[in-house]
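These notes are about the structure you will find just below.
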Amino acid sequence: MPKQYTISEAARIIKDIQEEKDELFQTFKKDERKGIQKLISKWYSEREQETALREEFVRMSSFENELKHQGFRFIAGIDEVGRGPLAGPVVAAAVILPQDICLLGINDSKKLSEKQRETFYELITDKAIAWGTGIISAEEIDRLNIYQASKKAMITAVNGLGVYPDHLLIDAMELGTPFPEISLIKGDARSISIAAASIVAKVTRDRLMEEYAQDYPGYGFQKNMGYGTKEHLEGLKQYGPCPIHRSSFAPVKELMLK
């Protein structure tokens, strides 16, 4: 008679089973206890989720795979964050991923939790062939305009790679660099390289805004990251603009005119 495992023992074993045809898994499937059957259902659900993530990763790798098929090796994904906030810099990142990297669940940084972004950030910056960032201050945004500042941040990120990319994949922007480039609308949800750049840029900017929150309390920068939330707008009215506010952006501009 086969051993009857406790529910907690079965949970530990089932969690590590990789294939449905596993002999022990088949034994558990025949166990009629509700606790065991819940574990079996959970196992199938997790495998379905993993399959979906793998299929999504393959889909998001299509641009990179096609370019590699054409002979390109160092394909840099480029994205920026921070166009819309009333305060803080615009930050861009450029990332060249190795061919064998697996980033299941990677997506546009806005669709990920803070914990997921931090986990991916550490993995990307550790495993990437090269990565760079470009940070353009609020003062320079006011001088250039946000479009040109975003473009400059992206070019700065590319120049910071430390290696020459042989192709660029850019989120909804044309940079006019010497390198071949493809501009992709919603690229951070269509390309793993652009998604990786989106995450690096987002985490970099969020960390900066958390530091600014210490220097300029009262605006809630550690929570709103410079966006025009109720708390931020109330802080603006009470304290006026601080040095990292974008004076060309309403309602900052309106307050300065009063």
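Glycine is no exception: its Cβ is also placed from the backbone N, Cα and C atoms.
In sequence order, Ile78, Asp79, Glu80, Ser183, Leu184, Lys186, Gly187, Asp188, Ile194, Ala197, Ser198 make up the list of same-chain residues 6 or more apart from Asp171 (divalent metal cation binding site) whose Cβ falls under 8 Å from its Cβ. Residues annotated as divalent metal cation binding site in TrEMBL: Asp79, Glu80, Asp171.
Summarising the annotation, TrEMBL assigns coiled coil to 7-34. Only residues 6 or more beyond the boundaries of the coiled coil (7-34), in the same chain, are considered here, and those with a CB under 8 A from a CB of the stretch are 40, 43, 47.
Per TrEMBL, domain 'RNase H type-2' is recorded for 73-258.
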Neighbour-count leader, CB within 10 A, binding-site residues: Asp79, Glu80: Asp79
Beyond the site residues Asp79, Glu80, Asp171: chain residues whose C-beta lies within 8 Å of the centroid, for divalent metal cation: Ile78, Val81, Ala92, Ala93, Ser150, Met154, Ile170, Ala172, Met173, Gly187, Asp188, Ile194, Ala197, Ser198, Ala201
DSSP three-state assignment (helix, strand or coil) for Asp79 (divalent metal cation binding site): strand
